[in-house]
Amino acid sequence: MEFVTLNNGVTMPMLGFGVFQTPVDDTERCVREALEVGYRLIDTAQAYMNEEGVGAAVRGSGIDRSEIFVTSKIHLINLNYERAKRSIDESLEKMGLEYIDLMLLHQAMGDYPGAYRALEEAYEEGKLRAIGVSNFYPERLVDVCMLSKVAPAVNQIETHPFRQQEEAHAVMRDLGVAHEAWSPFAEAQNGIFSNPTLKSIGDKHGKTVGQVVLRALLDKGVAVIPKTTHRERMVENFDVFDFHLDSDDMAAFAGLEDPDFPRIFDHLNVETVSNLYANYIKPGLGETQYLY
């Protein structure tokens, strides 16, 4: 395993196991198997509705709690101070854990400054070992870093061969914020697993396309959280620590950047964002708590 030391001194595995869209009834099994394979970072969220299964697998694993790094995220409907504060305790209760290793704001929406203040307080109380954000574009990330008492340790954003986030990565590096990739396989879009460039690099190293993608991102200093419900894929995705890509490989990988590839979740799509505000953000804020 490879690790990154976060800006508060906490050590985080660079390769984790994600449970986005993992069925509730399968979550405990999947996390248990991932831990058996060797994963030590488990990534969930309040919105995934499967924190209970994550907690059950962690508690029942027989692995010392200090060796497992658990990440969760504040739901959109909880993106204000009071709701975020309450939801952190609810996540701890659901998972049956005394602390969460990393808690993120899931989106840069709603009263995210208030929600971030709740993260800071929970961090200072020892409920969270590290705090951070997810889906924060560079401008929003800079804003949080400038205004916060406790700087975000991680920004988890869409990152994969077709959207490598070089500008965002540079900003995170300058701010001392770790870059973590969600959807490193681009949701299997754009023919990623049959991509000739990735297959050629894989043939060179005796590795699969998925392993090449994960290794390339790791070599760029990006933490990754692939997801699967199949044990054989868990094993495959974990088998990336016995090789590195050379400069030619990395140049070829960089050439896969595609400015025309649509965002998997488009934060600039007015209809998409309007629906989120109507269904989650505004009900969560309440009539008297709007920012504007």
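Every residue gets a Cβ built from N, Cα and C, even glycine.
Per TrEMBL, active site, proton donor is recorded for Tyr48. On its own chain, Tyr48 (active site, proton donor) has Val19, Phe20, Gln21, Thr22 as residues at least 6 apart in sequence with a Cβ closer than 8 Å to its own Cβ.
According to DSSP, His106 (substrate binding site) sits in a coil region rather than a helix or strand. Using a 10 Å Cβ-Cβ cutoff, His106 (substrate binding site) registers 22 neighbours. Taken from TrEMBL, the feature substrate binding site covers His106.
Taken from TrEMBL, the feature domain 'NADP-dependent oxidoreductase' covers 22-255. Across the domain 'NADP-dependent oxidoreductase' (22-255), the model assigns an average pLDDT of 97.
Under the heading site 'Lowers pKa of active site Tyr', TrEMBL lists Lys73. Listed in sequence order, the residues of the same chain lying 6 or more apart from Lys73 (site 'Lowers pKa of active site Tyr') and placing their CB within less than 8 Å of its CB are Thr44, Ala45, Gln46, Ala47, Met103, Leu104, Leu105, His106, Ser134.
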